[in-house]
Amino acid sequence: MPAMQGLAAPTMESELRALALAALLTPACAAYARFASRRLRPGLPRLAALSPTFPVFVYLPCMFCSLHLRLFSTFFHTWLATNKLVLLALDLGPLHPSLPLLPFLLSAGLPIKVRHDPSRQPASSNQPPPPPVAEFLRPCARSALLLCCLAAAYPYAAGWLPVYALHYLYCVQIFLTLDLVLSSAALGAAALLGGGAAMERQFSAPLAVASLGGFWGRQWNLMAVDLLRASAYEPVRARWGRDAGVVAAFLMSGILHELLYWYMTLRRPTGEMLLFFLSQAAFQIAERWARAAGLWRPPKPVAYLLVTAFMVVTISEMFFGPFVRAGTDVRLTEETRALVAMVWTAAKRLIRTSGVVSR
């Protein structure tokens, strides 16, 4: 696989400097957005007032050299924060000027969903109650442990595993990494907000896939799903129907992933991300039509096998392909192994130090 070109190697100093700057700019922009939205009515006046924050969030990922940090900055800032502020300008989405300052800042800058005002939740909502904060500890510990195991296994597995099996492990790694980071963000936010804050999970068994509609709508990256629903699906569905809303949501997701490709590779987008998500929209619509016509009702084990195989093949060919050709997978694996080695070294030093002290 080719080595990645064009992006400098990360150093501890460069990444800490970028993290510090992001930690200052993100709450500053969010505080300004709250200040402006409390004084301006929803619509064009509020959107115009919030628009100076958008270039800041678009630029933040460019400060990082680590691909992991660029990925998460793209997700946290360029995707979620910008989308939340656009929805705020229209008086939609999870942000509202009436939120207290700290919950507003955390909700704007992190992929969390905080419920402080039950009256804003529809009475007809059939969503399960948000889990207690303690339940985020389990996914954090599980994901950290399994990521360490994957990082240790990659050097031995990469040489003999079939491509699709290796790419399935990439899917598992993406889920574990996102779950670890998002659960950690929820834990940190809950600690800052105290016991009155209820956090919602961002995943619901995404590795057990029996339906395309279930995976994209109810299992995978639920914060992004909520924002895509509010910003693309609902407005288009209200005018042109359900299928057009599905296409609009996947179209927006495809454009955002093309932007992610540029951030991660510094190469011109190829359109393959867009093609992947539009194909997922088409197959999801076809699946629903076939189910309604009684043509697609396999037993659950068969559905799990077929849909998982379909997802792995399409992700491998259309989603991972551009990143693999750019060498992104190699660099991400190297970064993961370096991080695991650093954590392992620190843990051994801590154990040795505690042993010396106990003597």
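Backbone N, Cα and C define each Cβ position, glycine as well.
In TrEMBL, annotation is done automatically, which means it is predicted and not curated.
The transmembrane segment feature in TrEMBL is assigned to 54-72 (among others).
Beyond the ends of the transmembrane segment (144-161), by six or more residues, the same chain brings 169, 172-173, 176-177, 180, 333, 336-337, 339-340, 343-344 to within a C-beta distance below 8 angstroms of the stretch. Positions annotated as transmembrane segment by TrEMBL: 144-161 (among others).
Taken from TrEMBL, the feature transmembrane segment applies to 167-193 (among others).
The feature domain 'Wax synthase' is assigned by TrEMBL to 202-278.
The transmembrane segment annotation in TrEMBL covers 244-264 (among others). Under 8 Å from some Cβ of the transmembrane segment (244-264) lie the Cβ atoms of residues 61-62, 67, 70-71, 74-75, 78-79, 216, 224, 228-229, 231-238, 270-271, 273-278, 280-281, 284-285, 319, 322-323, 326, 328, all in the same chain and six or more residues away from its ends.
Positions annotated as transmembrane segment by TrEMBL: 302-324 (among others). With a threshold of 8 Å between CB atoms, the same-chain residues lying at least 6 positions outside the transmembrane segment (302-324) that come near it are 1, 163-164, 167-168, 170-171, 208-212, 215, 257, 261, 264-265, 270, 272-273, 275-276, 279-280, 283.
For the domain 'Wax synthase' (202-278), the model's pLDDT averages out at 91. Here the domain 'Wax synthase' (202-278) is broken down by DSSP into helix, strand and coil counts: 58 helix, 0 strand, 19 coil.
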